[in-house]
Each structure stands twice: as C-alpha cells, then as structure tokens.
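Asks: Below, the features straight out of TrEMBL:
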type   : residues : note
DOMAIN : 660-732  : domain 'O-GlcNAc transferase C-terminal'
REPEAT : 209-242  : repeat 'TPR'
REPEAT : 243-276  : repeat 'TPR'
REPEAT : 782-815  : repeat 'TPR'
SIGNAL : 1-21     : signal peptide
Amino acid sequence: MGGANNALFFFFSFLVFVADASIEEIRAAAMVHARDPGAADEVYRRYLDEFPDAMHLHGLVLHGAGETARGVGFIEKALEIRWDPTFLSNLGELKRSIGDLDGAIAALQGACPPECRNLAVASREAERWDLLEVASRHEKNRLDLGDALQKQRKFEQAEIVFGDVVEEGVDDVDRALVGWGVTAQQTGRLDVAAERYRRITNSSSPAGHQALVNLATISHERGDLDAAIASYESILRTRPDDAQALNNLGAALVTIGRHDEAVRVLERCGGQQPQALTNLAMHFANEGELGKAREHLRRARKRDKNNAGLVIREVTMMAPMATTTIELCLERVALAIRVAAALKNFSATLVNPVSSVEQIHFYLPYGGFVDRPLQEAIANLYRKLSPELQFFTRVKAQRPAKKRRVGFCSKFFGSFEPHGLLLEGVVKYLPRDKFRVVLLPVASPGRQASDFLLNATDELILLGLNFYENRGLIANAELDILVYADMLSEPMTYFLGFSRLASVQVVFWGNPVTSGRHEIDFFVSADRMEIEENLVHSCHYTEQVVLLGGQGIWYRKPSPPHHPSPPQNEDNKNALRFLLPQSNFKIHPEFDKIILEILRRRRRTDEVEIVVTEGRRERWTNILKKRLPGAKFVPRAKPSEFANFVSSFDLLLHPFPFGGSRTSSDGLAAGVPVLTRPTGSLRGRMAASFYETMGLTDPKWSLVARSSEEYVEFAIRLTNRTHLREVTRAVRERSHLIWERMEVVEEWSKFLARVPLLSHRDLYDSGNLVAAKKSMEPFVSDDLLIDYGAILQQLGEYEAAEAALRKSLALNPTNQIALNNLAVTLHESGRLAEARVVYQQTSGDVALYNAANALRDAGDVPAAIAKLREVLGDDDPIPFLFEPANHRPFFDNSYILSRNSLVVMEGTSLKIPETIESPPTDDELDPFGGGGGGGAYEKSLVLFHLIVQPFGGGGRKDDVLAVLAHNRNQPFLKVHCLVEKNESFVQDFVVIGRRLRFSDASIYARKYLPRDALVVIANADIAFDESIKRLTPLYLQDTVVALAPWESKHVFRPRVDSQDAWVFSNRNSRLFDVDVEIGRPRCDNFIAAHLRKHVRLASPSLAVRALHYHQKNRSSIHTYASPTEIKGPSAYVRLTDQWLF
C-alpha cells in the first residue's frame, strides 16, 4: 500500500453552531481547496490567529506545496487549541509522508475512532504488525490481516484468513495464495507451499511473479542449489532488477564458493534489499574485513530496523584469522564484551534463527582458549531472544525388548568429510539386535552423504534447509538417542540443539568444543584425549563427558596412495619437504614462532623447505604469507586427491593448539610421519592418540613433543635423513594398527545401551528423584558428584549424600556449591551445629539464606534476622524483589533468596518502590488493541475461566464458600469446580476423585474450554476483582502470569516464593501437564522452575490482585497434610512494577 492511496480529510466540524461570516468564508474556501489551493490558502491565512480550522487547512496547503514539516507545525498548533479527530488523521498522514512513523502512528491512533486505513499503511511501513492487525480487522481487510498475523507468527490464524479468501474466490485471490503459501513455507510444510504457489505461476499479476520467486526459495531451502540458481537466473532474465531474486542468487553463489560472482550479483541490489547488504556483510566478515562487514550491517539495519538477526550477526562476528596473538586476544575480549552487553541490554525477538543469523561463531575454538563460558553466554543470548528455539517433543520411555532408535545428524556426512568418516564404523557396526540406526543428513549443496553411510544405515531421513520442517521431521522420528556429529560448523544443527528432540541428546567432537547448553546431555570424547584435571573442575564442558576407552577414533582403512614422484624444489632437488596442510584459520599466531624457529635453525638454508597450503580465500593466504616469510605456499588439493598430495612430502607438521584427526590420519595412511604436540584439550590430542596405539610416543621417535621447544628440537632432528628414514619405516610398519578399531564401536555400543533414556537432569526436573538417582549410578564421574549428592540429600539418604559431597570436596575443597550442599545435608539430618561450621566456609546469597534458615529452624528467629542484616545491611530488601523496568523477568534465585527470607521473617509490608507508576485510570485499562472479543475500539468483555478445588475441612469451609460466591458473582469470571468428592456445599462441580493437580486442570481446560480461553488456576481461597482484566489476550500469548497473594485489598506483602494463582492462554495449557498437587509445599516453586524453560514468566502482582481471603483467627487455617514437600528444582518469580499490558 503506497502513500498515494492514503486519504487527507478536508471535512471539519466547528464547536460553534452560530452562523458566522468568517466561518462561512473558511468553509467556502475549503470547498475549492482541491482545485485551487492557492486561492483557498489566502482565506486560511487571514484567520490563522482566530480559528484552528484555518491553521489545519493551511497546514494541508503547505504539505501540498512540499513544505510538509511546516504544515505539521500548523496542525499541531491547531490541536493545542482544539482536539479534533480530523486534525489528528491528517497530522498522522503528514508525519508518515516525511518518515516520522512513530509520530504518525500516535496521531492516527489518537483519532476517535482511529483512522484505520491510513493507520494500516503507517503500521506496515513501521513494521508494527500488531497495529496492522487491529487496523485491518477494523477495515475488514482480510489480506492485510493475514499479512499482519503471519508477521507475528500467528500462523494458524493466518492460515484460516488466507484460506477463506481463496475458498470464497473474492478479494485478490492471487495475493491470498501467496500468503497462504508463505504460511505453509514458514511452518516447514514445503510440499504444501509449493502446491499453492504453482496454482498462480502462470498469472501475470505481481503475486504470480512472487510465487515463482518463492518456488525457487523452496529449492534453495531443500539444498537443491542447482535448481534454485537456475530458477533465480530464469526470473532475472525477465526482471533483471528483481531485488529478492538477485539477493537469493547471490546467497546461493556464496554457498557454493563462487564468491566474486556472488559479490557482483549482490552489489546490483545492495541499495534496494537489506538482505543483500547482509549477505555482502557476511562475505566481508569471512574475508576478515570486519570494518566493511559492520558498515554493510549498519546500512542494512537502517532499512530493516526491527531485524534482531542483524544485531546478533554483529555481536557474534569473528575474523577467521588474526595477524598477531595480541590481536586474537583483543578480539576475543571484544566478543565477550559484546555478548555480555547484548545479554544485559538487547531485547528483541529473533524469528527463525537459522535464516536470521545464517552464520554462527564457527571460528571460536581455533583461538585455543577455554570456550565454555562464551559458549554458554552465546547460547543464553539466543535462548533469550528466540524463545521458539526451546521446542520439546514428547519423549517416550523405551519399552522392554525394543531396539533403541539412535539417530546421527550432520551436514557433513560426505565421502571426504571427517565428521561422517569418524562415525562410519559406529553406524555400520552397532549391533542390530540392540539398535536401529537412523541417518539424518542435512542438505549440503553439491554433495550428499557417502555411499558407505547410506548403505550402512537402517533408516534415512533427509533434512532440508528449513529449520521448522527439520525439527518436525526429527521429532516425528521418535528417536531414543540423537547424536549430533557437530554443533558449531553451521547454523542448522547448532539451533536444532536447543530443542529436546530425543530422550537422550549427545554431541560428538566433529567440533571439539562444548555445546554450552543444558539440552545436550552428553559429550562423547575419549580417555586419551582428555586431561583429568579439566574433567574434575568441569571447566571445558557443560555436558556430562563420556570417555571412550582406547584410541577413541574410528577410520576406515584407506586405499594406499600411488606415491607419485614428489614435486621438486627447483633450487635444490635434494631438500626435505615439510608440509603444514591445515586450513589457514587453524594456524595460531603462536605456532608461527615454531615455524619461524625451524626455518631459522635449518643447518643449511636449502636443506628443508616448509610448504603451506593456500587458503580457501586469497586474503587468508596473504595474511599467512606475511606471518610466515620463508615458507612456500602451494594450492590446496582436492579432497579426492589429498592423500596422494600428502604422500609427496617427507614430514607433516601438525599445528597446535588446534590439531585434528583427519589430516594426521591422512599423513599416517600415506606413510608420512606427523610431528605433533598434544595440548591440554581434546582439540590438540588426536594425533597423539594414534601414536599411542602405534607405540611411537617415546621421545626417541621424535614424533610426540611435550613442549614447544621440544617440537622444534624434534623437527630439526628429523632433518637428519637417517633418523627420518628410520621413523618413516616405523610409521609405515605400524600404521595398520590405527584403522577400523572395533573397540571404538564396542565403547559406543556400551554407552548407547546403558545410558538412561531420560537424563538425570530431566528426571530431577520432573521431580522423579528415585529415577534420577538410578540413571546416574552407572555414570557418576567426579564432575557429577555434586549433582549426585544433591539428589541423595533430597531423597533423605543423608549418609550417602554426605559421602558423595565430601568426595567432591576432596577434589576441590573450596567448591562453594559442594560446601553449601553439604551444609544443607547436615542441617536437614539434624546436625545443626556441624552445619553451621560448614556454612561459615561458604559465601554468597544461597549460603547466607541457608545459614539464616538454620538459625530459624533452631527457634532463634531474631538471630536469623540478625544474620541476614549482618550481610544485607539496613537496605530495604523489597526493591530487590522487583524486576527492572524492562518487564522481562529473569531467574536468579541466589540473588533474591536472602532478601525474600528477610521480608518474610520481618513481616514487612510493601513500601512501593519509586519506579512504580500511579495506578491506571479506567481508560488506560483498555489499551489500544488489547481487547479480544468485540469491536476493536469498544470495551470488550474478556472472560477468564477460573479452575479451583473447593474444600470444606480444617475450619475453612466458610472462607471457601465466601470466595466461591464472590468469584461466581464476577461477570468476567466463569468458575469451574473440580472436586475431590461429592461436596454438598458446592453447586455445579465435576468430581475428579483426587486432590487437584496441575495436570488435571490443564487437561480439563483443553477438553472443555475454548482454544483461546484465558485460564486461571488458583487456590480455593483466592478472590479476584476487576484488576485481572488488565491481562489481555495479546499479553498472555507468550507469557504465563504468576500472582503472589494480597493479604487484604490494601495490604500486599511482597514475596517471590509464593504464587497462589496462575493465568495463561489455553494455547499454552500443555505447559501445565505436570503431575503435582496444587497447594502442596513448594509446588509453586517447582512449577515455576518447569515453566521458565518453556515460556516467559511474569508476576505483575501489584497490578492484578489475587486476594487471599481468611477469617481473623488465622491459626485455624487448614493446609493439606503432605508427607513431604515437592522435591526437585525450584525457582522464584520476581515481581514486576507493570501496570499496562
């Protein structure tokens, strides 16, 4: 919709109804305004000081003359004198025409009723899809409505709107078919989308052309790059300036490595298409030209202000290579600072991260640092910005006598790709009486999974490039165990790894670095490739590490190279040739010193030639040439020719800190010695594992160095031809030992057969502590002793818990988590004096909280308060229980535990923080677009469905009846009583035969309530008033509200550990499928910990009152007697100072 379609309104209504010559003259001028604005304006100017209508109309004349900014000033002045909806409508259109979209929207919304036609245009231009939805509903424009719903990812609603238009055959059916197809495409139904597009590919309409472009993108998403490129080129032959086709063609050319051609294509549309600017930015980033990359990203952001992916690309951008170690370290620090700042300050929604981000931080591991902290921080950033990443399929426990379904997923299963080669033996030789093997290759342009893997697998599921389709395909495969061969090489597997798609999820070392996220249960490594100290302190891995015994690496026995005549040094044909064959970005600046020292120490300048393979990009090679003067550079060999290429050299120089398994195995297969220096982490220890199998680790062989200095000494020693021949002969005689090591398959088989199909973390999170303990028992490594002790403590097995925790402390005596858990174990087993001694060794808020509780439980509440005040001082603890003003709650129990405990012990009433605004007026309670039922601008009646279980015991019957009568009398509440047994004092009830559980309420809601219903689960003694109407359907789409109780209508004691009511959309009701009784101790903390993994939680308990009703004598209040409190994880929900939603 363009600006030419927008209407300026020349009608006006005077507040004066008495005939007046001046008014009549202005009215007459307005009648001729359209055909003679100059003449009309002469009249307007005579009355500018008297009538706001003259100011308004003069502003329109100025707009027509190209002086819109001046025109805006006159209309705003008119509005200062008199409010008029026509003034506001025209002011909005003038502001839109000069690019002030926020001002335009504010003005158009202010008109009464709002001017929705123009508002729709302004909202589209500002990408305010929520407002476009409201405006298009008002205008009954279904195509705009479908677009707005689609942009907000309300795909089910968009599907209905577009489908209705197509079925009825009214409006613009071609446009509706495109929208209908896009809805299917964005939800991963590519076949459905293609069928819808094909219905109009012969149409000459703009929608028909768009359908052709979208069909090409489907080929692109499926990884059929040849078909996609052919389609884009065909489209561009008829429309050479089509920005979308140009951009997509450029992106496809980048993917297949035709970089120069891609840049030329992208530059043709760079000024039109933000995505083209983005693709150019990524090209420059991969070149290492970060300045140019950031410049293009910023230009793209100016054209696409709401694209969070552009911000994240800039945050996580890394240069492939550095010129010096200092530059590498500074860039690493800068990356950490950017990520920390984004975590703290950046708030947006990242939609479809695979396509929004496209390139992840692949170069992170090559710096040789401990990557776990950054990996976890970056994962948390994505988790914060893209809640849809956390998808949980229904995992099924393995039934007895059934084979375990094990899936292997990667984009790199090709014939010469190490990630697949490393797993060939596992895929082929896992015992089929125990396992069914499923191969899940992600589409990779120009190559497919190797014939070996395709023939070895039991089942093949081909994954395309559509994230949502792939996620659905894997979920539908019902895997017991999902193994990712890599998780940092490309975005598809990286982002799939945020979902729970199988009972057990494993990452292998295709990328030898932790995933940094709790959704991955295990990291498979080998005992030869890890340092025990690193595992004890858990400094490298987020996951539980599985150590395969022995070599840990399986490679097929290679075909022997044909050993061509080696290329000669033209200056000295007798020179030895040492090869550094790794990718340029794997060569650390610190390793340069090794190469330069070897070159310096050659006994004769022509005795040794060091050869380096060129990079995939010319700029990379040029950087390395400057770093390694004196080295010779040769072109990279094709993968199929690499073994023969390597065989023409005398020695391979294996770099560190990042080595690799494939390059070293290629050298050994060719009978060429590989000089290596194992480092302290997996990424630098693979070649050494081969030599341990071959029995060649002794220093006399000059192959496995223990230091940088020894590496240089060994290299110089190997220039002795007699020694080199002896070493080469030993390598060739023993290399057969490293191939097809069946103990590797046996180790995998043992692990995959024994691993519990629900991890101890999942079982703990579900409250099933007995099963969690059982699942850990075969795998209790030193780094899991704390978890194991915590589970035993919650089960009441205090002696065993103490033993596990003391064993952990023997390994690390200052571990604060282990100390705190030991103190809690002693505390709960009744050994308070011993617990206090251990608490004194701890620090932090959790320890303070527990130490205070120990005093409280000993009956000394004043001492407990004093203990808390000793650390917290005299500060008011209440503000710490509130979220910051951005209203995006986060969970940090350790930060608020002691403050909450102090508020509870002191019985503090609310002292309203200064940040809290005044309560809203009635008008403010009906925010624009916030309603849900009737007309868009009328006060709508939102109905909340309240699910409760009334009870009559414990002297609370009168309280419960009073609350029930009150709630049933509210027109905005419909009460549903699910009772344990037939209660004579309750009318209209459903008997469920047991105490109400969260799962009972959620199942009832899905079965009997409308799909879009707003549902409340509350204790039976919680009363509600009209303040609950502040929660709109729009707000509850992606938020679950937890409400802390008020003591009376005017008294609120802020607590973050007690939620007596939960409010949510019925669309999210499955989140409450938790088999936990409502009202049991810690049930609210347990459900909060469960919900926070799936949805945004908020506690606007000041704005929405949940009144805890009770009689004066509170000592008689009955609570259900429970043998134990709810065990398992817990979380608190901080309060927000939010009034409007």
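Even glycines carry a Cβ here, placed using N, Cα and C.
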Asks: Given a Cβ distance threshold of under 8 angstroms, which distant residues of the chain, six or more beyond its ends, lie next to the repeat 'TPR' (243-276)?
Replies: 213, 216-217, 220, 225, 228-229, 232-233, 235-236, 282-283, 296, 300-301, 303-304, 307, 310, 445-446, 616-617
Asks: What are the DSSP helix, strand and coil residue counts for the repeat 'TPR' (243-276)?
Replies: 27 helix, 0 strand, 7 coil
Asks: DSSP says what for the domain 'O-GlcNAc transferase C-terminal' (660-732): how many helix, strand, coil residues?
Replies: 45 helix, 4 strand, 24 coil
Asks: Count up the helix, strand and coil residues in the repeat 'TPR' (209-242) according to DSSP, in that order.
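Replies: Per DSSP, the residues of the repeat 'TPR' (209-242) fall into 27 helix, 0 strand, 7 coil.
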Asks: How many helix, strand and coil residues does the repeat 'TPR' (782-815) contain under DSSP?
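Replies: Counting residues by DSSP class gives 27 helix, 0 strand, 7 coil.
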